[in-house]
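Chemist: Okay, handing you the structure first.
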Amino acid sequence: PYVVTENCIKCKYQDCVEVCPVDCFYEGENFLVINPDECIDCGVCNPECPAEAIAGKWLEINRKFADLWPNITRKGPALADADDWKDKPDKTGLLSENPGKGTVCH
């Protein structure tokens, strides 16, 4: 299955969320994850990510946080300093385990 890698940390562009046919993205404070048990491996999210953060790695991190964070089904704003962080390597230590807001349905 596809998962989100460290390139997403401190960016969280969310273009991928809108194209996912099965709503398998979950939102943390500064990172998104894909629930690998829900992902159907269609790959439509991969080319949508400006940070090139979607790949076949990081499976366990995505599985862990998909169980803890709220589901996200609509695109929201990227983090304010996303462009500053987009191409920086070695962001794993910056990953916040705090949940994001998720998608609130009214």
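Backbone N, Cα and C atoms are what each Cβ position is placed from, and that goes for glycine too.
These numbers come from a predicted model, not from an experiment.
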Chemist: Starting from the [3Fe-4S] cluster binding annotation in Swiss-Prot that includes CYS8, CYS49, which of CYS16, CYS42 is the extra site residue?
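Modeler: It is CYS16, as the record lists it for that site.
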Chemist: With CYS39, CYS42, CYS45 listed by Swiss-Prot as binding [4Fe-4S] cluster, identify the candidate in CYS11, CYS20 belonging to that site.
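Modeler: Same [4Fe-4S] cluster site in Swiss-Prot: CYS20.
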Chemist: Using C-alpha positions only, work out which of the binding-site residues CYS8, CYS16, CYS49 is nearest to CYS39 ([4Fe-4S] cluster binding site).
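Modeler: Ranked by Cα distance from CYS39 ([4Fe-4S] cluster binding site), first place goes to CYS16.
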Chemist: Could you pull out which residues elsewhere in the chain have a CB under 8 Å from any CB of the region 'Disordered' (80-106), counting only those six or more residues past its ends?
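Modeler: The answer is 6-7, 9-13, 26-32, 50-51, 61, 65, 68-74.
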Chemist: Whose Cβ lies within 8 Å of the mean position of the Cβ atoms of CYS20, CYS39, CYS42, CYS45, the [4Fe-4S] cluster site, other than those residues?
Modeler: TYR2, CYS16, VAL19, PRO21, VAL22, CYS24, ILE34, ILE40, ASP41, GLY43, VAL44
Chemist: Whole-number answer please: how many Å between the C-alpha atoms of CYS49 ([3Fe-4S] cluster binding site) and CYS42 ([4Fe-4S] cluster binding site)?
Modeler: 15
